[in-house]
Amino acid sequence: MWCNKASGMGVFLRGNAGMEEHKQTVLYVEDNPLNMELMHHIFRKNLPAVQLLKAETAESGLQIAEQQQPDLIILDIGLPDLDGYEAMEYLKKDQRTCHIPVLAISAFAQQADIQRAEQVGFAGYVTKPIQVKAFTRTVEQLLGG
């Protein structure tokens, strides 16, 4: 199976018709423990119905994404093992993860960084420090809410 979001062909769509309530999951890939704790707090307070999965490296994030199939991935650009752009390439090439929207998050706030993220296929780009209300709305939109 391959993904082609532009044509709608090959895109895996999830549904929970006839199933018990699906608890949405978000995978956050971030190497900074303080940022990880902040995100945990934001989700607990603003998105309590969403399960937050965490990974400290791109490699572990890719493994979790393949195994857990989260509804959204929030991917830091400045990771030490693979940067977020490289990790995104892996996600797009893997039939198990190519359908998952990925939100870039980074302290890099130049227009060129944002354009590169768009070209690579990120669903959005959030700059640090994040604005909690706007971030929460973005996550809700990407989760279909």
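Glycine is no exception: its Cβ is also placed from the backbone N, Cα and C atoms.
Automatic, uncurated: that is what TrEMBL annotation is.
What TrEMBL says about this protein:
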{"type": "DOMAIN", "residues": "25-143", "note": "domain 'Response regulatory'"}
{"type": "MOD_RES", "residues": "Asp76", "note": "4-aspartylphosphate"}
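There are 26 other Cβ atoms within 10 Å of the Cβ belonging to Asp76 (4-aspartylphosphate). When the domain 'Response regulatory' (25-143) is classified with DSSP, helix, strand and coil residues number 56 helix, 24 strand, 39 coil.
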